[in-house]
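Just below is one structure, and these are the notes that go with it.
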Amino acid sequence: MELNGLRVSRETQGRLQHFALLFQKWAKTINLVAPSTLDALWHRHIADSSQIFQICPRPVTWVDLGSGGGFPGVITAIFLAELQGGWVHLVESNHKKAAFLRTALRETNARGSVHAIRIEDASAEIGDCDAISARALADLDGLIAYSAPWMLGKENCRGFFHKGRDYLREIAEARGRWEFDLIEHESAVEQESVILEISNLRRLV
């Protein structure tokens, strides 16, 4: 099996397939993603989320903000299971969604844990990390503000944020408050979308 050109082992494929079944079951009673995107679960959500691991395929410690339906946090945690290293801290304050995330991690033997707390309280509970991810959560300025407790003054901590076609405007707005190094990774799944890699964060105002 391949996802965006990434060769996926039989074991990881099985984990992803089991996650997809769990997701479809829980999505009947909990609003995990926009209902209009459920039919495109593999392409729109799983393949899209797997790009995070393709960009950073190392056994590092992640914080996934506003994990919701598990994208990209659970997908990253599933890939880390094959590496037998690294960890994903999934932050989700909605307790029903947090229950789904715990079930998904447990049943796929993925490498992660769930923190059912507000993002603003997460850094005190989780501590340092190497990477931060978020998808469909907030504009770039908001994501950087959420990530600042981990990233400010930490040269080795990077943020990886999925963004749509309006990303250039979001970058310009964020640069009004922050200085940062930026790499734009073109999406292999969604045309005109990117994953923004942020590092060396400094506050301007």
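The backbone N, Cα and C atoms fix where each Cβ goes, and this holds for glycine too.
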Suppose a student reads Swiss-Prot and sees Gly66, Phe71, Ile119, Glu120 listed for S-adenosyl-L-methionine. Which of Arg58, Arg106, Arg111, Arg135 should they find annotated at that same site?
Arg135
Do any residues at least six apart in sequence from Gly66 (S-adenosyl-L-methionine binding site), in the same chain, have a Cβ closer than 8 Å to its Cβ, and if so which, in order?
Val91, Glu92, Ile119, Ala134, Leu137, Ala138
Site extent for S-adenosyl-L-methionine (largest Cα pair distance over Gly66, Phe71, Ile119, Glu120, Arg135, Å):
20
In three-state DSSP terms, the structure that Gly66 (S-adenosyl-L-methionine binding site) belongs to:
coil
Which number gives the other C-beta atoms within 10 angstroms of the C-beta of Arg135 (S-adenosyl-L-methionine binding site), all protein chains shown included?
25
